[in-house]
Amino acid sequence: MVPVENTEGPNLLNQKGREAETEGSCGASGGGHPACAGGPSMFTFLTSVTAAISGLLVGYELGLISGALLQIRTLLALTCHEQEMVVSSLLIGAFLASLTGGVLIDRYGRRLAIILSSCLLGLGSLVLIMSLSYTLLIMGRVAIGVSISLSSIATCVYIAEIAPQHRRGLLVSLNELMIVTGILFAYISNYAFANISNGWKYMFGLVIPLGVLQAIAMYFLPPSPRFLVMKGQEESAGKVLRKLRVISDTTEELTLIKSSLKDEYQYSFWDLFRSKDNMRTRILIGLTLVFFVQTTGQPNILFYASTVLKSVGFQSNEAASLASTGVGVVKVVSTIPATLLVDHIGSKTFLCIGSSVMSASLLTMGIVNLNINMNFTNICRSHSLLNQSLEEFVFYATGNLSISNSSLREHFKRITPYSKGSFMPMGNGMEPKGEMTFTSSLPNAGLSRTEHQGVTDTAVVPAAYKWLSLASLLVYVAAFSIGLGPMPWLVLSEIFPGGIRGRAMALTSSMNWGVNLLISLTFLTVTDLIGLSWVCFIYTIMSLASLAFVVLFIPETKGCSLEQISVELAKANYVKNNICFMSHHQEELVPTQLQKRKPQEQLPECNHLCGRGQSQRPSPDT
């Protein structure tokens, strides 16, 4: 374990204080308090970037299995259910950590949690590459799941607590940007090592040096000033703030931090399920929103991208991995403008646009796949020697040839596509359609001249259908990346009062990982039963349902302070008023409580709440 200085010691607070920072958890982009005096120094920015490396590691681990599974399922002869377990074991660890990680973060500090998560990720990766077995694969993936869940919470909170108020949204968004960048790197890695012997080891091992470097760097960075205040070390907190803000007087910000900590003790965890301040409605909105994040299908596209692409015509591992790299590129390109424009366009608008485009692209993908005569069942068959394709047997079986044997590869390329069948036991009167026998000498391979009987799939996917499927998939990914990808976490950070925001975020995070686990654990089985087209149609229905939910229940918080949002949502008839507004476009006045505020405490642009007015959130520079 990496030692830390006394200011991060294990002697304070249980779970009450957690990530309810002054202005919200991950994704908060504004606040009701006056802006802090200092701007973000270069030191603050570099500290945020160092912490956000956790997002890069999280994204890499989430996207990595898409390509690694193509090799591992052959080497271990994995069944459909075993493949699902390999993918979902990471989510099991993440779900368990989401239930208990907050206590660790509160007791030992955000910075120490990031260091521990980096070390645990390296340890889990070592387990994966030391020896390939199904049991060790599950154990290593569970350890990595615990790591990424812990780092997701800790990184988000740490950056939010060291960032100046009016730059918090920008700095916290670095974590989301790092996540999608990590996914892109994972897909590039999948492609780079797709045809390399033991390429899966390189895929799993690439993150180890980066994780170690982050752990070392985080050791030399300061703890969160808010955490120091929680421990009663106000003098140390003041020193950290002066270093982060490059100003000599941090009294005002320290006062705001202490005030927000007092607010946390006004609520208990069980208040989330009571009518106090309409909290029950708020938590139901939050839980339903993260439910739609998962049930619209994005996790399966992330984990099974290469598998899905193989089923629609990208038949080689290399082609499927290259096509899935486009998914990573689209995620990065789409996330950047969404992050930069959310303060001007609004999270609700992005959610509506994203859900609408997702439903259209999923419908297109489903219709296209109805016309592709391709059996998805081969994804779920056992990848034993009797069921391996010739290419899988020659190039990926344990102990077989390396990538350097160019003469063998050149000889293999001369075999026609219709010769690349699956090994099947023959005899007993079996006469499968498309049966063929071919004889092939494999020079310089150490293999004797052998006859192979194979069963070929005579269905060839038309190029137009194959590329239309890929285009629909990329549009779907882009729509998710501007809508249900980043925006729910911004909404969640704004709809709960500061005193209970951290615990609400923890509960919704557990819901997110839990539903993700259930969806990913059954994707291959369900697709095998009903077909990829009908899976797309189900996701289309869920996308339309999410659109209706966003329109009716999600407030437009653009241009509004956190206090204004909280006052509006605290009304017992909030849902009724929101639905009535959508039906009759009636205008709602600013709550009278807000009219009593001092002029300097109000945002003049926010005359109406939840989208009633079309004002914009003030620029950070104003």
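Including glycine, each Cβ sits where the backbone N, Cα and C put it.
Taken from Swiss-Prot as is:
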- Asn195: N-linked glycosylation site (CARBOHYD)
- Asn375: N-linked glycosylation site (CARBOHYD)
- Asn387: N-linked glycosylation site (CARBOHYD)
- Asn400: N-linked glycosylation site (CARBOHYD)
- Asn405: N-linked glycosylation site (CARBOHYD)
- 1-26: region 'Disordered' (REGION)
- 1-44: topological domain 'Cytoplasmic' (TOPO_DOM)
- 66-84: topological domain 'Extracellular' (TOPO_DOM)
- 106-111: topological domain 'Cytoplasmic' (TOPO_DOM)
- 133-141: topological domain 'Extracellular' (TOPO_DOM)
- 163-168: topological domain 'Cytoplasmic' (TOPO_DOM)
- 190-201: topological domain 'Extracellular' (TOPO_DOM)
- 223-282: topological domain 'Cytoplasmic' (TOPO_DOM)
- 304-321: topological domain 'Extracellular' (TOPO_DOM)
- 343-349: topological domain 'Cytoplasmic' (TOPO_DOM)
- 371-471: topological domain 'Extracellular' (TOPO_DOM)
- 493-503: topological domain 'Cytoplasmic' (TOPO_DOM)
- 525-533: topological domain 'Extracellular' (TOPO_DOM)
- 555-622: topological domain 'Cytoplasmic' (TOPO_DOM)
- 45-65: transmembrane segment (TRANSMEM)
- 85-105: transmembrane segment (TRANSMEM)
- 112-132: transmembrane segment (TRANSMEM)
- 142-162: transmembrane segment (TRANSMEM)
- 169-189: transmembrane segment (TRANSMEM)
- 202-222: transmembrane segment (TRANSMEM)
- 283-303: transmembrane segment (TRANSMEM)
- 322-342: transmembrane segment (TRANSMEM)
- 350-370: transmembrane segment (TRANSMEM)
- 472-492: transmembrane segment (TRANSMEM)
- 504-524: transmembrane segment (TRANSMEM)
- 534-554: transmembrane segment (TRANSMEM)
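A contact between the transmembrane segment (85-105) and the transmembrane segment (504-524) is present, since 3 or more of their C-beta pairs, 6 or more residues apart, lie under 8 Å. The stretch from 142-162, 169-189, 283-303, 534-554 that makes the most Cβ contacts under 8 Å with the transmembrane segment (322-342) is 169-189. With respect to Cβ pairs under 8 Å, the transmembrane segment (45-65) is most closely packed against 169-189, considering the stretches 112-132, 169-189, 202-222, 350-370. Contact between the transmembrane segment (350-370) and the transmembrane segment (534-554) holds: at least three of their C-beta pairs are under 8 Å, each pair 6 or more apart in sequence. Counting every protein chain shown, the number of other Cβ atoms lying within 10 Å of the Cβ of Asn195 (N-linked glycosylation site) is 17. Under DSSP, the residues of the topological domain 'Extracellular' (66-84) split into helix, strand and coil as follows: 15 helix, 0 strand, 4 coil.
For the transmembrane segment (202-222), the list of distant contacts is 2, 4, 47, 50-51, 53-54, 56-57, 60-61, 64, 67-68, 111, 114-115, 118-119, 121-122, 125-126, 128-129, 140, 162, 186, 189-190, 193, 196, 240, 243-244: same-chain residues at least six beyond its ends, Cβ to Cβ under 8 Å. When Cβ-Cβ distances below 8 Å are used as the criterion, the transmembrane segment (504-524) is approached by residues 18-19, 25-26, 80-81, 83-85, 87-88, 91-92, 94-95, 98-99, 102, 149, 152-153, 272, 282-283, 286-287, 289-291, 293-295, 297, 299-300, 303-304, 307, 379-380, 492-493, 496, 535 of the same chain, each at least six residues removed from its ends.
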